[in-house]
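Features reported for this protein in TrEMBL:
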type: DOMAIN; residues: 4-48; note: domain 'Inhibitor I9'
type: DOMAIN; residues: 69-506; note: domain 'Peptidase S8/S53'
type: ACT_SITE; residues: Asp77; note: active site, charge relay system
type: ACT_SITE; residues: His133; note: active site, charge relay system
type: ACT_SITE; residues: Ser457; note: active site, charge relay system
type: DOMAIN; residues: 572-671; note: domain 'Subtilisin-like protease fibronectin type-III'
Amino acid sequence: SLAAESLVHSYSKSFSGFAAKLTKAETEKLSGHEGVVSVFPSQLRQLHTTRSWDFIGFPQTVARATVESDVIIGMLDTGIWPESQSFNASGYGPPPQKWKGTCQSSSNFTCNNKIIGARFYHAGQDLNDTEGHGTHTASTAAGNIVTHASLLGLAAGTARGGVPSARIAVYKICWTLGCSDVDILAAFDDAISDGVDIISLSVGGAPTDYFQDAIAIGAFHSMKNSILTSNSAGNSGPAAGTVSNVSPWSLSVAASTIDRKFATGVKLGNGRTYVGGSINTYEASRMYGLIYGGDALNRTSGSDSRSCGAGSLDRDLVRGKMVHCDGVSRGDEQARVGAVASTMSLPPDTPLDAAFSFLLPVSVLTNADSAQILEYINSTSDPTGLIFKTRAIIDNSSPHVIDFSSRGPNPITTDILKPDLTAPGVDILAAWSEATTVTGQDGDTRTVPFNIISGTSMSCPHASAAAAYVKSFHPTWSPAAIKSALMTTVTLMFTAARQLSVEDNSDAEFAYGSGQIDPIKAVNPGLVYDAGEIDYVRMLCGQGYNATQLRLVTGDSSASCSEATNGTAVWDLNYPSFALSSESGKPGGTVKRVFRRTVTNVGKGHSKYKAKVMSSKELKIKVNPKVLRFKELGETMSFRVTVKAKLKQSGIVSGVLVWSDGSHKVRSPVVAHTLQ
């Protein structure tokens with residue numbers, strides 16, 4: 001039997017399992033027991049870290065469902081700062097009757113009719129957000145409308161969540177060192193039982209097999225209970241195959257830009273100016289002496305000072321000066337030795353994308369501009385410079401997926417496209433915890449009610465709010481139907497006139513999935529690709545899971561695998577996108593697949609949808625039948641899509657299938673790629 005002192009947590013509300021401290025021998029013994037689906041180590045997951053709603057065409061005046069205040073979003077994150085005006089409960093009635101959760105007692109934390117529930121999962125800690133991350137994501141999803149919001153004057157305007165009337169339930173799973181699988185599963189177990197409608201989780205790790213992945217397991221059980229889980233896709237881009245949270249029953253969200261970006265100017269003593277990227281809230285007062293990090297070596301450190309690494313700079317040479325560094329860092333070393341400001345150089349061919357805050361005035365410059373600054377330093381005996389306060393500028397190239405956003409292809413199920421879609425995740429202003437500072441670094445004294453940060457952590461709550469918005473109009477829709485509505489009504493990230501791609505979106509669907517969310521259109525998608533537990537079970541059969549595992553995990557005694565479903569179900573999963581892959585080393589070769597899909601009419605009773613295909617020349621797409629005639633709402637019709645692709649050595653070829661009745665356009669990406 002399991003010793004009481006070994007037991008860490010028991011999961012019993014929504015699924016069966018436990019967390020325990022085990023030796024290697026005990027783990028192996030337990031794995032062999034009948035009834036044990038899997039035993040896997042608890043990993044530490046990491047956080048994936050205003051104008052964005054207006055940018056995607058979702059204004060403050062948008063039509064709202066009268067039951068929006070009955071929608072509950074479960075935020076699994078770092079906690080929340082309840083004192084923020086974004087969570088003021090004025091005007092809210094009591095929690096919805098369906099709510100069964102609790103507000104876990106804490107000496108300095110209280111819930112209200114906006115934050116209706118809160119739990120934490122780490123002994124000796126409390127619910128206050130000492131990181132800021134959870135406050136930011138919660139307010140992005142469901143924060144109140146707050147006027148005159150800004151970060152010390154930057155990005156001034158009205159801050160609001162996507163569903164500002166919705167309620168928030170907080171599950172604090174993340175602490176200084178990360179977010180434990182033990183706590184993640186406990187939070188899923190509680191959130192499902194408590195009665196949340198949407199789960200928002202801006203956390204992830206390296207992609208792993210679905211039933212060794214705590215987030216995938218939790219999301220599967222939330223799906224079984226009619227709760228969609230919205231996940232961040234990860235911040236490990238732009239390398240291929242880095243996307244995380246790829247289970248087909250959850251929504252995977254990439255991060256893209258909005259039409260506002262932040263520029264931080266640099267002026268040199270020779271009169272030349274350069275524009276870099278950062279969030280610099282400090283006002284420039286005068287010109288300072290300028291020194292290159294490579295000329296300020298701390299000779300006792302034994303390290304290279306060109307990149308201004310820890311311990312590398314000589315305090316006597318740098319104190320009171322502006323220092324130029326090769327490479328981008330947090331700025332700790334520059335602050336340690338008394339630098340007043342720092343310019344930092346990006347690697348060659350790296351774009352100026354997201355802007356970040358630093359402990360001291362910083363401007364991050366392109367490699368080419370940095371070379372000119374270094375040339376100036378070497379040209380005079382008394383180089384000087386200053387860094388201006390950041391200003392907001394218009395970015396006409398938006399939207400495009402940010403460099404750091406993790407890319408496909410899906411590393412677990414290669415023939416399911418991930419990420420699913422993209423949402424604003426760059427330079428997002430939202431509420432911030434006043435239990436921390438702008439950067440959270442030692443020496444930072446700037447306590448602020450709002451902050452500007454970037455990450456798929458920021459795009460995820462945009463999608464969570466969009467899902468909650470759809471749910472408020474269609475409370476009986478399944479997670480798959482809501483997800484389909486979001487995916488098939490996106491704003492396209494390409495144009496046919498430019499060969500289905502643009503330079504800033506060169507990774508195409510591996511970067512942005514179906515496209516950028518459009519919550520208003522998602523409320524009325526026309527058709528949806530619906531799916532339920534049994535559909536995912538059949539897909540998992542095709543991935544090699546056996547009947548015993550499936551029955552124990554799902555609790556469904558009828559779940560089974562057979563030769564008929566093995567190896568083919570992945571293409572027949574009723575997914576709103578189409579993907580096929582082939583092994584590498586076959587450039588110029590072809591691959592052919594047949595996909596079977598069923599759509600449900602949620603638009604007009606009597607309607608006729610015609611199929612239209614747009615694709616690159618390497619992709620042939622045939623649809624049968626080409627016309628779907630519906631007589632009533634809720635009616636389903638099936639069709640087949642045959643895709644024949646001439647594959648490249650690497651990368652993808654893509655196209656789009658659109659079903660249209662004249663007023664609705666139900667779009668699905670079609671992607672073929674070579675496995676590397």
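Any Cβ shown, glycine's included, is placed from N, Cα and C.
Nobody curates TrEMBL annotations by hand; they come from automatic prediction.
Per-residue pLDDT, averaged across the domain 'Peptidase S8/S53' (69-506), gives 92. Here the CA atom of His133 (active site, charge relay system) lies 8 Å from the CA atom of Ser457 (active site, charge relay system).
Around Ser457 (active site, charge relay system), a 10 Å sphere centred on its CB holds 30 further CB atoms from the protein chains shown. Comparing Asp77 (active site, charge relay system) with His133 (active site, charge relay system), their Cα atoms are 7 Å apart once rounded. Packing around Asp77 (active site, charge relay system) is summarised by its Cβ count: 29 other Cβ atoms lie within 10 angstroms of its Cβ, all protein chains included.
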